[in-house]
Every structure is written in structure tokens, then in C-alpha cells.
Amino acid sequence: MTVAALNKLSALSGSIQKSFSPKLISVGIIGSGNWGTAIAKICGENAKAHPDIFHPQVHMWMYEEKIQHEGKECNLTEVFNTTHENVKYLKGIKCPSNVFANPDIRDVGSRSDILVWVLPHQFVVRICNQLKGCLKKDAVAISCIKGVSVTKDRVRLFSDIIEENTGMYCGVLSGANIASEVAQEKFCETTIGYLPNSSVNPRYTPKTIQALFNRPYFRVNIVEDVPGVALGGALKNIVAVAAGIIDGLELGDNTKSAVMRIGLLEMQKFGRMFFDCKPLTMSEESCGIADLITTCLGGRNHKCAVAFVKTGKPMHVVEQELLDGQKLQGAATAKEVYEFLDNQNKVSEFPLFTAVYRIVYEGLPPNKLLEAI
């Protein structure tokens, strides 16, 4: 669907273009997978709920692809804009009629005062480059991308990478938020790390950000600890692998709870040591303890770790069989974090993180996990 056709379609939706006020804040979404679509649904609902704050249209960048729909080949954007449903990535969930799928990423960027990033982390730099020269000077961003970029020399938040490559201030949203459950409006909480007075535009306050995301089923808490929010979503995956190892060994819930507690302490220590994070962010907020519990009770990291122990197969084989070759976040993060800690001479201070790495990559027997921690 062309941008011209999209504009024509959106103009027909209540003639909302005619009532546009420059004072209203325009919201754009970068990404349209299951989580991106769920976030777009929330933003669309809140754009309608707060007509005094937000422009009624929410444009979601959707990578154009052909799909089979009702017996014929169609563009995914056309199907979405006709049915208000992402039939490929979030089937069965209706989005508000004011959310539009837009295949032109620069058009989405140029429209947006608040740009919400919800896409796989490996595409962040590429998308930043595609958006150069089209963004509003006072626009801000919110990253819903879980994980961190780790090398031997440094740990970088994806919010920092977005800031460095676009010039936009970037906050972080993270929590115990399974996309399908959020889309089904099952109650959950989330945490947004966002600094007050961070934007050159005084309109983009923490209260504005909260108004954009808070729903009766999606409770938002704003904190000033941006790195703490981001790190919780990354490091909990390592702990989830450890929890899966415990379940694979059938050592029981008491043991798993102990491993989760030790893992949380290492998450807090890592945040304090390298980012000056606030300890309470991980022990009290959804981005920390709640996300850790959810991930350790289920999910891909836990599932693959259980299979790794029970089958004795290498993790890359388990990934191939259970994830169709996708890389397991917890295992990959464990390797990256270990190499970083080794370079910092801090390996001994993080025994659980180190044990997960050595079990997955160096052949340490899984039953040695408890001895190691």
C-alpha cells in the first residue's frame, strides 16, 4: 500500500486530518511483530482516550510482505488496514481503527513526536540509518526492545544506541509482558525508565508517557532508572537458563527458588557495578523481579534449558529443534556477559552467570551448578 493510498484511507476515518492540531502529539511505532502490534493497540486505544494530548492517528511501520489471505495473495499492510488485524503475527486480535499499517518507515518517522521502537535488536542500527534526516528535532523515543549489546569491552543499552544514532532521547519499557496475554487484555504491569526534563520539548513529560501506555489491563510505573529497566530484561534470561537446568535435573521448587534469588542478586550487582542502577528497580518493579519470575517459570529459555539437560544434546542442537534455529537469548547473553566479565576481571563475583556459561559452552556437567554457586 502506497503512502498516498494510506493517507487517503486514514483521512476517511472520521475526517480526523481536518481536526489536526499542531499541539497534539503524534505517535509512531517501529515494528509490527506480535509485541509491536500489541503495543500499537495500546497506543491506539490511548490516542482515542486522550484526544486532548495525542493526535488520533497512530502509524505503525510494517515491513511489506505478501501473504495469502482469503484465498488470494495480498499485501500484509492492506490486510491490516482493511481488517485491523495483524493476521500473520497477532492473529485474532483487533486493533483500534485509528492504528494504520504504514510500509514507509521514513514517513512514520517524519510524522512522529514520540517514536516507539519494538523490533528485533539486530535491526536497530540499520533502522536508525534509514531514519536519518527525517526525524523531528524534538522527537523522543521509547525502546520496548529487551536485551543489551555486549562486547568484551562494554555493555550498551539499545536505548543508548538509538540516542547515539538518531539524536532522540530514548526511554525504556520492559516488564513481565507476554505479548499474546497483553493483546488479550490480561492484566499485567510494566515499567518505563524515563528521566524528567530529558526532552527539549516540555510536552514529553513522564506523565505524557504514562498516558500513552497505561491501560486498565496494562499498569505502568515510571522510574528514573533507565539502565536498571533495560538490564532487567536482559540478565533475567541467564537466570531463566539456570532455572531450566534445575528443572531438568528435577531438583524441585525450593532449589529453583534459591537459584532465582541468587540470580536476582547477581542482576542487581551487575547493574550497580557497571551502570549505577538502583537496586530496588530489580527487586520491586515489573522489569526486574516480576519478569524474572515469569521467565523462570516458562518461556523459551527455561524450556530449552530443560531439554538441554534431559536430552544431553548441545544447546545449538536444542535451539535448532525447538526454536527452528533461532538463538536462545539466555545462552547468548550468558556468553557475552561472561566474556565481558572476564575482560573486567570480575568473573569470580558472578558465580551463577559464570556457571551457566560453563555448563552451556564448556561442558561443565549440569549437576555441578549448585556447587558452582
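Just so it is clear, glycine is given a Cβ too, placed from its N, Cα and C backbone atoms.
Using a 10 Å Cβ-Cβ cutoff, Lys236 (active site, proton acceptor) registers 33 neighbours. DSSP assigns Lys236 (active site, proton acceptor) to a helical segment in the three-state reduction. Here Swiss-Prot flags Lys236 as active site, proton acceptor.
The NAD(+) binding site annotation in Swiss-Prot covers Gly31, Ser32, Gly33, Asn34, Trp35, Gly36, Phe123, Lys146, Ala179, Arg300, Gln329 and rests on similarity to another entry. Taken residue by residue with DSSP, Gly31 (NAD(+) binding site) is part of neither helix nor strand, so it is coil.
In the structure as shown, the Cβ atom of Arg300 (substrate binding site) sits within 10 Å of 18 other Cβ atoms. If you look up Swiss-Prot, you'll see Lys146, Arg300, Asn301 marked as substrate binding site.
The phosphoserine feature in Swiss-Prot is assigned to Ser15; the stated evidence is experimental evidence.
Residues near Phe123 (NAD(+) binding site) in space but far in sequence (CB under 8 A, at least 6 apart, same chain): none are found. Long-range C-beta contacts of Gln329 (NAD(+) binding site), restricted to its own chain and to partners at least six residues apart, with a cutoff below 8 Å, comprise Lys146, Gly147, Ala234, Asn237, Arg300, Asn301. Every protein chain shown contributes to the tally, and the Cβ of Trp35 (NAD(+) binding site) ends up with 22 other Cβ atoms within 10 Å. Ranked by how many other Cβ atoms sit within 10 Å of their Cβ, the binding-site residues Gly31, Gly33 place Gly33 at the bottom. The Cβ of Ala179 (NAD(+) binding site) has Gly33, Asn34, Trp35, Thr37, Ala38, Leu90 as same-chain neighbours under 8 Å, each 6 or more residues away in sequence.
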